[in-house]
Amino acid sequence: MAALQDGPVELDAEKETKPEILSDGTLNISGNTGNGALSSSPLTAAPAGGAPKQEDQQTLIAVLQFLKRNKLSESVDILRREAGLAEDQVDSLAADGSGGGKGDGDGGDANSLLSRVSITAAAAPQSTLTPVPVKRSEDHPDVRVVLSAYNQQGDPSLYQVYYSDLKNFIESVLDCHRAELSQLFYPLFVHMYLELVYNNNETKAKAFFDKFSGDQECYYLDDLRVLCSLSKKEHMKGNEALLDFRTSRFVLRISRDSYQLLKRHLQERHNNQIWNIIQEHLYIDIFDGMPRSKGQIDSMSGSLGGEAKREVNKAKVFYGLLKEPEIEVPLDDEDDEAENEEGKPKKKKTKKDSIGSKSKKQDPNAPQQNRIPLPELKDSDKLDKIMYLKESTKRIRLSPDNLPSVCFYTFLNAYQGLTAVDFTDDSSLLAGGFADSTVRVWTVTPKKLRKVKSAADLNLIDKESDDVLERIMDEKTASESKILHGHSGPVYGVSFSPDRNYLLSSSEDSTIRLWSLQTFTCLVGYKGHNYPVWDTQFSPFGYYFVSGGHDRVARLWATDHYQPLRIFAGHLADVTCTRFHPNSNYVATGSTDRTVRLWDVLNGNCVRIFTGHKGPIHCLAFSPNGKFLASGSTDGRVLLWDLGHGLMIGELKGHTDTIYALKFSRDGEILASGSMDNTVRLWDAMKAFDDVEMDDFTAATGHIHLPDNSQELLLGTYHSKSTPVTHLHFTRRNLLLAAGAYNSQ
């Protein structure tokens, strides 16, 4: 039966029976007891308020006799109740042979009844499925013939009639239902076209495509171009995305009233071809309440697999931040002098301590500290944490009235083709991945990059000296940049480790490489993906990292394991971008299937599916508090998501080309977006989150009324001369860094 997510249990009047011919030639008749799924047979219920027609009675009697012989009493009762027949009526009708008509001597015999039914089925009207000639033994009448007329493929020449009939019906219903039922057009169009192609009806498939492709929504144009190229059965074998589309269920969210209208129409028109596709390839998520508006539907539509099922986004997500480790923040000399001058050292020290312990209270929405194993802090990590806390005291508080300065790093003469950029958290190093398979690292501070001395030279160093860490570095190798060779294809992703000791790079050669920033050599090559790896990123705590590629899966790794720890499978197309949640318990992935998914690192489950983008997704960013997620796409829009409720809560429109970079400021007040349209735009993130009205009904149904307030939320637009924005980064003091390669064309 059609897979339906529903609310209250249906009444008995909604229960239906679906007869089915199994592959081994046996008959299976199952009772369906829920969710209003339409039976595949148009003759299962009698007209309201009257007795069944004579032909219908013959079919019912034949089926009931078969069920009784096979001791399927429960199915007999269900079918009998739907037909409105009492138990004694069934016996009398069976004895009468024709349900009250003239007998012909053997009317009480089941064989005679089945014979008549075969004739009735063969004379079925053209609107039902076309039957095939039946060969039946006189001694063993085949009851399968009774049902075969309702389970066969329709006449290919009638596909246009089937689709046109449904189209005319949907266009004639009330406006409130039309928007919801119009969602059926695209998946039905694709499946009917693929069915025609698969069965070698090339001419009819082309005519079908030419007639109805123009009726589809504009955001499916790219898919239709691919579909148009599949004109032969052989073409389908190599297209994995469309094979997934054919085998997976396209999800539609429809109100109960709209669904009942559709169901009634298909029953009345005996349009089994349409309904068989709905049963086999669509998942109808029924909800109680008012139908959604055109705007609400469009905001959630556009993905390759339809909308997300409501229950998928109801899993508990621990989006809170982990408790910060207790680290005492020593006061430096400048602070001591300031205190002595002011004569208030204790007050100054207390202020410092309060900042250091700001996040020490356990967040009620945070996961357990030991939910996943995290690396212990080393002494160097603690020192870096202290530096971070000191920098935080000098951080500029951003607001609509106090926007950040933007520093743009332009790659000039980047003939190698810049494909990826990353900054270290302390903004001291910059890495770039290039199409010539190299990775280049620059220092953006006066301190130059140096390699560790050779083993022979290290033996001569006094290991007990205070400046041993300086002495192990070879001054002869000092330079402003280093080139890392190792990949055999373009490098599409780079990511620094939080401690700045390592760098990850992912490439078209299907590998991820881990580089040492002490020796500037490759330490490990991770092989697990079968195709190009589009992106990789370190966990905020180090040790773990995630990758996503053309093989449509994301993988979770640990630096000391050659094999992935988790494989996140579910996307219908390439995984183009990956991001760790700030608490490291979740991973977000964006895909060319136009969905964003959130995965639980602990068990590998998908806990959120977000739909609404109309093009491939190229960048993701979590808010610093872990509660929100932003995504950018080729459709030029930034969408904002609430992880706790699993809902879209904002849409930022303004860019005119693909968005490649997103970043929240350190305090989460400002969201920066960078695009191929050569601009950086700043948005008021806090206002976008605060403007959303969330009530219990909205949270339960997912029907958000998105305010069209992009212009109010846009705080500033910064144009580069001719440099697409590849990456964005906020320093610890909230200075915005942008990077991209100058485009001279």
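Backbone N, Cα and C define each Cβ position, glycine as well.
Curation does not apply to TrEMBL; its annotations are automatic.
Record features (TrEMBL):
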type	residues	note
REGION	1-52	region 'Disordered'
COMPBIAS	12-21	compositional bias 'Basic and acidic residues'
COMPBIAS	36-52	compositional bias 'Low complexity'
REGION	90-110	region 'Disordered'
DOMAIN	154-282	domain 'TFIID subunit TAF5 NTD2'
COMPBIAS	329-340	compositional bias 'Acidic residues'
REGION	329-377	region 'Disordered'
COMPBIAS	352-363	compositional bias 'Basic and acidic residues'
REPEAT	411-452	repeat 'WD'
REPEAT	484-519	repeat 'WD'
REPEAT	526-557	repeat 'WD'
REPEAT	568-609	repeat 'WD'
REPEAT	610-643	repeat 'WD'
REPEAT	652-684	repeat 'WD'
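Regional average pLDDT for the repeat 'WD' (411-452) in the model is 91. Note on the repeat 'WD' (568-609): residues 241, 244-245, 248, 302-305, 308-309, 312-313, 315-322, 366-367, 371-372, 374, 534-541, 544, 546-550, 552-556, 615-622, 624-626, 629, 631, 633, 641, 643, 646 of its chain, located 6 or more positions outside it, place their CB under 8 angstroms from a CB of the stretch. Here the repeat 'WD' (652-684) has Cβ contacts under 8 Å with residues 392, 395, 397-400, 403-404, 406, 408, 615, 618-625, 630-634, 636-640, 710-730, 732, 734, 736, 738, 740 of the same chain, all six or more residues outside its ends. Long-range Cβ contacts of the repeat 'WD' (484-519) within its own chain (Cβ-Cβ under 8 Å, at least 6 residues beyond either end) map to 378, 380-381, 384, 417, 419-426, 428-429, 431-441, 451-452, 525-527, 529-542, 545, 547, 549, 557, 559. Here the repeat 'WD' (610-643) has, by DSSP, the following mix of helix, strand and coil residues: 0 helix, 20 strand, 14 coil.
Per DSSP, the domain 'TFIID subunit TAF5 NTD2' (154-282) is made up of 103 helix, 7 strand, 19 coil.
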